[in-house]
């Protein structure tokens, strides 16, 4: 994943300044280009989300958090192999502790998800939004689900429920996912009371991942039904090859579109609909080119050396 990230950093530091012009473009450059001058290497080292300084390719915080969790994963995976029950309990406790930490952080720092106050937004990003230890509860829950699916696939134990229960759980999961995404508007804009706000902040991530986890588990063990058929459509295999490049490139494209505006835009539903699909299609085209040029060749090289290594091991 690193070569494509390095290419995006290179674009930021070289040709990005030529992509736009207008009254707010210098401000855009100051926030998105100049920040890379002294901190680009922290991004490539995957530590820029935990350092209290300007971030190069700020939205790549997720790559850093993901990499940091991968570094600690062998400890948990080896423990699962040796002491499965105790490790599963420990992983669950860590997930709960992460949610509690999110609750306490948002309570004492009075964090809201969305704010027009620049200082509050910086506090949100630094101490909550980018923090790996507050982001790890979904990853830990996913680790538990992955282990359970592995055990079921290996026939270590049999999981059976009736179709009505499976359908009800799927419906409940979809309902929870809907609430996580579309409800809680007053909380997001900071109009709710403090208690409601911190509870939503602490619980929305684990609630979302538990709902998604049941969908994944049901599809994996044969209870997915039409949901499994939909998620198994071949088109998703194509999109899955582009998700990483789209993730890296979508934000610069949106910044260019917004940074070139010379007058305020009129907010309408149709305008937002048009804006979304135009941004999406440009992102899809650009990410396809970048993926073919930089990501997929590295994947092919990695597979080549991996296959050679496995053949040598078999010969030995």
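Residue numbers in this text run from 1 along the chain shown.
Yeah, the Cβs are placed from backbone N, Cα and C, and that goes for glycine too.
As given in TrEMBL:
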DOMAIN    5-294  domain 'Acyltransferase 3'
TRANSMEM  87-108  transmembrane segment
TRANSMEM  128-152  transmembrane segment
TRANSMEM  164-185  transmembrane segment
TRANSMEM  205-223  transmembrane segment
TRANSMEM  244-262  transmembrane segment
TRANSMEM  282-305  transmembrane segment
(request) Kindly say whether the transmembrane segment (205-223) and the transmembrane segment (128-152) touch, using the definition of 3 or more Cβ pairs under 8 Å where each pair is 6 or more positions apart. (result) yes
(request) Grab the pLDDT values for the domain 'Acyltransferase 3' (5-294) and give me their mean, rounded. (result) 86
